[in-house]
Amino acid sequence: MTTPALLPLSGRRIPTLSPGASSFPHHRATLRLSEKFILLLILSAFITLCFGAFFFLPDNSKHKPFSSTSVQVPPPPFFFSSFYCKEEESLRDKIRADHERALQEAKEKLRKSREELQAEIQTEKNKVMEDLKKKDTGPKPLPPVPMPKVAGVSDGEPPEPDVKEKRDKIREMMKHAWDSYRQYGWGHNELKPLAKKGHSTNIFGNSQLGATIVDALDTLYIMGLHEEFRDGQEWIEQNLDFGVNAEVSVFEVNIRFIGGLLAAYYLSGQEVFKLKAVQLAEKLLPAFNTPTGIPWAMVNLKSGVGRNWGWASAGSSILAEFGTLHMEFVHLTYLTGNPAYYQKVMHIRKLLAKMDRPNGLYPNYLNPRTGRWGQHHTSVGGLGDSFYEYLLKAWLMSDKTDTEARKTYDDAIEAIERHLIRKSNGGLTFIGEWKNGHLERKMGHLACFAGGMFALGADGSPDDKAGHYLQLGAEIAHTCHESYDRTVLKLGPEAFKFDSGLEAVAVRQNEKYYILRPEVIETYWYMWRFTHDPKYRQWGWEAAQAIDKYCRVSGGFSGVKDVYSSNPTYDDVQQSFFLAETLKYLYLLFSSDDLMPLESWVFNTEAHPLPVLHLGNITLPGSEPAQR
């Protein structure tokens, strides 16, 4: 436990008395506040002793025999009276002695020099601190639980020399990104690679929590960069403190920090990562203290006070944020034995199951006070995306026993396909956005993850639709590749339209940027794993070359503001997810399938791998069976 530093004694002065005053008062006036406090303690002790004697010593005048009409109690025998007198005299002698000793100690204190008093005060402070340390036993030890079976956490070297060469290049890009952060932004949340200094956004609050370190750990481990991994682990052991006065995004901190720490624990077996993840999770729990149990978007790590984003539909919580907690929270309950985590995410699922859904679609906004939907806006991109992803992955992570999650996912995807997925005039399949009864023919870069999701969920689809959903994933991958291929830099814009003769092209200036996002490459990787079609590696390599050519600077990697300009300007931010996701998915794309096999691992929405929990019919502590 970190204790706030005490103010130095020299930091405060009390003016001395004017000339002509006696030496004793003058000396006392030069004492510091702490020294006066000691004298007050001594005098208080003396007064307490005196009053104690007055109130509690036996008084002969009060020792009268109790009389009543029925009982007569005789006066105490002579030896009892004698005992009382001797006891009273003994206590009074003790009080006199204590009084004399207190006065003597006070005189001795006042004769001491300032330096001697300071030394005594410091000694007392040190003693108090030592006592506190002895009392502070630290966090309660976590119960021993079996480590889930993990496989393929390293190596995965491809047999083809040209593929190995590409993979080595991706590792070199990771090393450049990490080394630049290590040199210029160490301990900060992110890096400004052109300014070569630390950077942070409001999702992390105002504290240096080392987001890039936590986010990048598992990528470093998977790539075999173990020296860099150890540097990150050392920083986390010594510096990562969640007792700070910082207001953070519950969603972002969950997927980046808790997800990153849990993945690092499962990959390396180092206990520090598990302990830090649990410490942080406890700080997030107050966010769920709402009338509905739907968590606030933000919570202060120190005070536990939560609130929502001011722009979010009249104080609503956001579907993708409160719907993207399940994976991490189930693992927290598994590791701690505390059912609260599992219960909170299951409560959210059950609440949503009871609500009416317009056209079977989930709106992006839900008010945590009233439990009513906000603005009727549905998207598989920003604000909605990972809610659907986590329904599918909850089923996969439960070793396919959480059939409720699978059914909810299937129903949601059926409604999405019916109302949001369309084909353009040019034959490109895209996912639009539903706004108040109208389909907007625009797709965001974030929605490009859905190609991989459809492929991942193909096996287990109802009505023998596995082939259909694998094909749908391939069509989304093709559309998103076109959004890259139709730019000057061969990097995809933030959003692109399908109307007015334009297809897969950004129209607005504020949608033409690329901030090192991973979603398109994520879909390439999943499609490669399920089809082994070489075009996905080719498309991934095109993206990697474009990133290295246009986003690489001497101090790391930066996003660009206009992918249609041959002379792009930089946004000067190296996002933590570039190391956590973009480079990890590229590395896996050029690795063999035995590295992080999908039978054993499920990747959270920040690409942090969590192992499948082979629970079977085992009930998580304090919960209902997972498969119900």
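Cβ coordinates come from backbone N, Cα and C, glycine included.
If you check TrEMBL, you get these features:
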| type | residues | note |
| --- | --- | --- |
| TRANSMEM | 37-57 | transmembrane segment |
| REGION | 123-165 | region 'Disordered' |
| COMPBIAS | 123-138 | compositional bias 'Basic and acidic residues' |
| ACT_SITE | E252 | active site, proton donor |
| ACT_SITE | D385 | active site |
| DISULFID | C448-C480 | disulfide bond |
| ACT_SITE | E494 | active site, proton donor |
| ACT_SITE | E519 | active site |
| BINDING | T605 | Ca(2+) binding site |
Which residue among the disulfide-bonded residues C448, C480 has the fewest other Cβ atoms within 10 Å of its Cβ, if you could check?
C480
To the nearest whole angstrom, what is the C-alpha distance linking D385 (active site) and C480 (disulfide bond)?
16
Give the distance between the Cα atoms of E494 (active site, proton donor) and C448 (disulfide bond), rounded to the nearest whole Å.
10
Do me a favour and check the Cα-Cα span between the residue listed as 'Ca(2+) binding site' and E519 (active site); whole Å is fine.
10
Rounded Cα distance in angstrom between C448 (disulfide bond) and E252 (active site, proton donor) is 19
When a 10 Å sphere is centred on the Cβ of E252 (active site, proton donor), how many other Cβ atoms does it contain?
21
Work through the active-site residues one by one (D385, E494, E519) and point out the residue whose CB has the fewest other CB atoms within 10 angstroms.
E494
Measuring Cα to Cα, how far is E252 (active site, proton donor) from C480 (disulfide bond) in Å?
25
Express the distance between the Cα positions of E519 (active site) and C480 (disulfide bond) as a whole number of Å.
9
